[in-house]
Amino acid sequence: MWADVFDCDGNETKLSECSISSWSRAECSHRRDIGVICSNSSLALHDGLVRLSGERQCEGEMEVFIHQVWRRVLLDSWSLTESSVVCRQLGCGSVLNFNSSSSSSPEHSHECVTGFQCSGSEAHLGNCSSPQTLNCSSTQQLSITCLGENNNIWADSSVVRDQ
C-alpha cells in the first residue's frame, strides 16, 4: 500500500507534512513513478546564464541571458574555446561540435549577441570578455553539441532550461 494523492499547500518543508487523501493497493509497477527536480529557491536569472534548446539537454541552439533578455548567439566570432566553456558550465562534458543552424525561434531575431572571448579556463561564460549586443536579422545562430548528458540540470545555479 502506498500514498496515491498528496495534498500540499506549498508551505511544507517535508513531503511527510502534507496530508495524504488517498491510499492505493493497485498494481505495483514503475508505470506510475514520478520524479521531482528541485532547485535553489534563490535561483535568479543573471547575466551569463546559458541554455541549449535541443532534443537532449546537452545540445541545441544556444541562448545567453544578457541585460534581462535571452539572446541568440551568432557564430561569427565563436570558437571551440567558448563552446568548451558552455559545455562545462552546463555540466555536459566536452564539446563535440558547434556550427551555424537555422533558428527555430525567429521572434528573437532582433536580439543577438556576438564577441565572446574566453581563455578556456573559465567555469562560466559570464567570466569571459563582455560580448556585444546588437540588432540582427539573420536566422543563423550558434548550435552546440556536447558529449555528455547532464542528469542533474540544477547542479549548478547557472543552468536554466526552457520551461
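Cβ coordinates are placed from backbone N, Cα and C, and glycine is handled just like the others.
TrEMBL lists a disulfide bond between CYS8 and one candidate from CYS18, CYS28; that candidate is CYS18. CYS118 is paired in TrEMBL with CYS128, the candidate among CYS112, CYS128 named as its disulfide partner. DSSP assigns CYS128 (disulfide bond) to coil in the three-state reduction, outside any helix or strand. When the domain 'SRCR' (50-147) is classified with DSSP, helix, strand and coil residues number 16 helix, 38 strand, 44 coil. Within 10 Å of the C-beta of CYS118 (disulfide bond) we count 19 further C-beta atoms, all protein chains included.
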